[in-house]
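Reviewing the structure listed below.
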Amino acid sequence: MNTILAQQIANEGGVEAWMIAQQHKSLLRFLTCGSVDDGKSTLIGRLLHDTLQIYEDQLSSLHNDSKRHGTQGEKLDLALLVDGLQAEREQGITIDVAYRYFSTERRKFIIADTPGHEQYTRNMATGASTCDLAILLIDARKGVLDQTRRHSFISTLLGIKHLVVAINKMDLVDYREETFARIREDYLTFAEQLPGDLDIRFVPLSALEGDNVAAQSANMRWYSGPTLLEVLETVDIQRAVDRQPMRFPVQYVNRPNLDFRGYAGTLASGSVKVGERIKVLPSGVESSVARIVTFDGDKEEACAGEAITLVLNDDIDISRGDLLLAANETLAPARHAAIDVVWMAEQPLAPGQSYDVKLAGKKTRARIEAIRYQIDINNLTQRDVESLPLNGIGLVEMTFDEPLALDIYQQNPVTGGLIFIDRLSNVTVGAGMVRELDERGATPPVEYSAFELELNALVRRHFPHWDARDLLGDKHGAA
């Protein structure tokens, strides 16, 4: 067993008290990215090692693996703690996104170790999509490279506002301050092309030797700033969703018996209270919240990120994929949008193609109308293209088969982010972030006759397996 963990449990007064203390710690999700062989996996291994998060059997296994696959001579190869795939160990690189978990007395952490190679851009984008902070590793011998710029751009494209530029392998440049200062200046010059609201910090370190990772380095007394771990423990993460209006995508209609009907999902943004008036999109029908049900019992109020079940005061038709928001909020469903796309399939994305798209719990179809440009992610220039290749990133104009309630991705990643699904293989082939909305093409409400409404209700009541939708919600049944 991890001896430091055992000591922490003893200090808290037992396992139950320790688990309660863990629940009240804040959580930081971050990723490590950079060029090939910059030391990303080694850095994560060093963080786990120096925060005493490695169990004794893991340490013993690491000694054996270092002898077989290690690249550090007689020293422990800490990268092997993270590089789990056989192909990764044989090549000495990271291919897949590897997730690791650790905690300190101040915070809990989820780490995503992402690949540095350009052909694995899609893996890196997947890792970045759920993170709050990015650690960009730079080899002190090489300085700012194209892949550094590429990963910086992808991180900011996916909404990450906190960047920590970790200038690694300072031991190989004799810990020179002028090397650190030059790379810092080069990166700041490049960062002028990135969004202006970023929090960028610089830390000189050596992941192999442990300098400035979890403890201050005696070899770089000229650096008076915090260690990398101190930055991670103290960075103030202000999530945009906390300040955004209430959005609740319905994931599941929970009806265990005739006396209960609730709508389950995760509150994407804002907050909701018992008694609050809400509106359902796309139907526009209003009601009020009767109960907020959670695993731990009913609550009076829920905040962004909480998994809840809402019970309403009125019996109205709500299905998976519908969006609940405050009754006084205005969000016009749109059929046309400009989407930043990260393409993940071998077959290029081209105008005229159609795909299934999934947004939160909503699934529909969309057609690619045009590709405005592809971004050269090595120098951030835009160029005209006829198609978007594997790992390509570009701005694409799309039309949806039905109006969707969308937000701009930078404001709300849940209701502004979507995935592309191949209809035949059901494989995810791309990720999209809403950049612009065009509400002019929204379909006007359709007026149905009383007979049509009665027939629709009859079909939904007696033939539920047809999965017919409520016409009042502008949803058309499908056999």
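Cβ from N, Cα, C; glycine included.
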Completion exercise
Matching 113-116, 361-364, 473-476 to Swiss-Prot annotations, region 'G3' lands on 113-116
Problem - Of 34-41, 58-65, 146-153, 242-249, the range Swiss-Prot labels region 'G1' - result: 34-41
Completion exercise
Its residues classified by DSSP, the region 'G4' (168-171) shows 2 helix, 1 strand, 1 coil
Fill in the blank from the handout: For the region 'G1' (34-41), the DSSP residue counts stand at 2 helix, 1 strand, 5 coil
Fill in the blank from the handout: Row Asp37 (GTP binding site), column other C-beta within 10 angstroms, all chains, value 18
Problem - For the region 'G4' (168-171), sequence-distant contacts whose Cβ falls under 8 Å of one of its Cβ atoms, 6 or more beyond its ends - result: 38-39, 43, 137-141, 179-180, 204-209, 211, 219-220
Completion exercise
Using a 10 Å radius on the Cβ of Lys40 (GTP binding site), the other Cβ atoms enclosed count 31
Practice task
Let me know the DSSP-derived helix, strand or coil state of Thr114 (GTP binding site), please.
Solution key: coil
